[in-house]
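Record features, source TrEMBL:
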- 53-125: domain 'PA' (DOMAIN)
- 151-170: transmembrane segment (TRANSMEM)
- 198-222: transmembrane segment (TRANSMEM)
- 228-250: transmembrane segment (TRANSMEM)
- 271-288: transmembrane segment (TRANSMEM)
- 294-311: transmembrane segment (TRANSMEM)
- 323-343: transmembrane segment (TRANSMEM)
- 384-404: transmembrane segment (TRANSMEM)
- 416-439: transmembrane segment (TRANSMEM)
- 445-462: transmembrane segment (TRANSMEM)
Amino acid sequence: VAADEGILHASGSGVPPVTKDYCIVYNSNWVSLPKTLDNATFRALENLTSTVLCSSSEAPSGVMKDKAVVVMRGNCTFLEKARIAQSLGAKMLLIASKSRLSAISDNKTDFEDVTLPVALIRYNDIVDMQLVLGNEVNVTLYSPPLPEFDYSMVVIFLIAVFTVALGGYWSGVAELENLKAVASPGERETRRKKEENVTFTPVTVILFVVICCVMLVLLYFFYKWLVYVIISVFCLASAMSLYNCLAALIGEIPIGQCRVTCCNKTIEVRLIFLAVFCIAAAVVWAVFRNEDRWAWILQDILGVAFCLNFIKTLKMPNFKSCVILLGLLLLYDVFFVFITPFITKNGASIMVEVAAGPFGNSEKLPVVIRVPRLEHSASTLCDLPFSLLGFGDIIVPGLLVAYCRRFDVQTRSSSVYYISCTIAYAVGMVLTFVVLALMKMGQPALLYLVPCTLITSSLVAWRRKEMKKFWKGSSYQV
């Protein structure tokens, strides 16, 4: 919402009184709201949502005197409503909107006599206010300053760095097993059957980026239908990923290995229960995905498993492919965040619109790590109750970290590439958060993560005089 955001603090008439905060949008050029609730003046709320108040004859006489009045949005301007409400004795005007909250704008010079506060509020919030607080409600308005830093960012940081580091390490373990299988002819066939990796070549990298661009544009225009396709794919992929992650852990436990035979195949009983558990976790998330109180925890667990499995499964054959992939996706990220506002009709970024749900769509794409904001602010209530980090900001640099880890295994270089690249990723995340705090707007994280990881990996390879081998990859991978 490109507008001044504030908070409506509502209090019921019970003992002790029940209170609740709601989002409002106002024009700071018309009125200045207090920054705190200290010495705030409460007004009794008069619900007149049966009228749009475009003429003084629409409101019963005397009901607005010294009250906060809420009316519906209509054909007349906000200031015309405000002048009528003020002439009838109202001290505050709330305009309920059933559509998405937008900036309040009008020519104030034609209404210099209007002095009462005017704010836009969601109609659903007015309905909720009556259900939660009753019919006798007192309200006041205030606009606390935005916090410089929200501690949910620390949780996001820890989740991202943990996932990238663990995904890279897991890829290195798989590489070590591959090398052992190559050295032992008896294990080679068994390992080949278990191998589920997919190797990216420069051509498939370019094709992958083109598909990403096409998919994002399709989501922008056909979000209402495609969002459910993405949700279905996420449920299936995350359930499989969670199974693969937990199966790898369970495989290290030497107990409970009883097996059953079916269709000439044997399978461990514990893996059957594990598969049922993973499917159930995905189904529970799908059913309760809009439950903000706890569904984010399940989405983050499934998301971390998805990212780990992706990083481990998708192999970059050499540093050349990593540079092409990360470079193209950096341009993709910057273009769809910073350039598309100059192309779209409403001046909004395609990336931001798709992430938020275009045109106020309530369904959100499950392609982000979500953590509730811990600092109370108007932005938390209005449109950003969660701090978000896209899966791509974990997976894309994670593929480079995984390649560094595999290169360490192949060259027996004591994890120097892996550790350096992981630290560079952490530094890039910190830099992203610093710019986010300074600019007060969403950032394409790859703009900071890609240079940090690519430059660090290049410097390590150059310093160790292994750039040619690092660039082309090992003969084993080729």
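Cβ coordinates are placed from backbone N, Cα and C, and glycine is handled just like the others.
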Tertiary contacts of the transmembrane segment (384-404), as residues 6+ beyond its ends and Cβ separation under 8 Å:
150, 152-153, 155-156, 159-160, 163-165, 167-168, 171-172, 200, 292, 296, 303, 306-307, 310-312, 314-316, 318-319, 322, 325-326, 329, 333, 355, 367-373, 417-418, 420-422, 425, 428, 445-446, 449-450, 453-454, 457
Feature contact check the transmembrane segment (416-439) with the transmembrane segment (228-250), CB under 8 Å, 3 or more pairs:
no
Dominant neighbour of the transmembrane segment (416-439) in 151-170, 198-222, 294-311, 445-462, by Cβ pairs under 8 Å:
445-462
Counting only CB pairs under 8 A, let me know which of 151-170, 294-311, 445-462 has the most with the transmembrane segment (323-343).
445-462
Of the stretches 151-170, 198-222, 445-462, which racks up the most C-beta pairs under 8 Å with the transmembrane segment (294-311)?
151-170
Are there residues at least six beyond either end of the transmembrane segment (445-462) with Cβ under 8 Å to its Cβ atoms? List them, or say none.
319, 322-323, 326-327, 329-330, 333-334, 389-390, 392-393, 396-397, 400-401, 404, 416-417, 420-421, 423-425, 427-429, 431-432, 435, 470-471
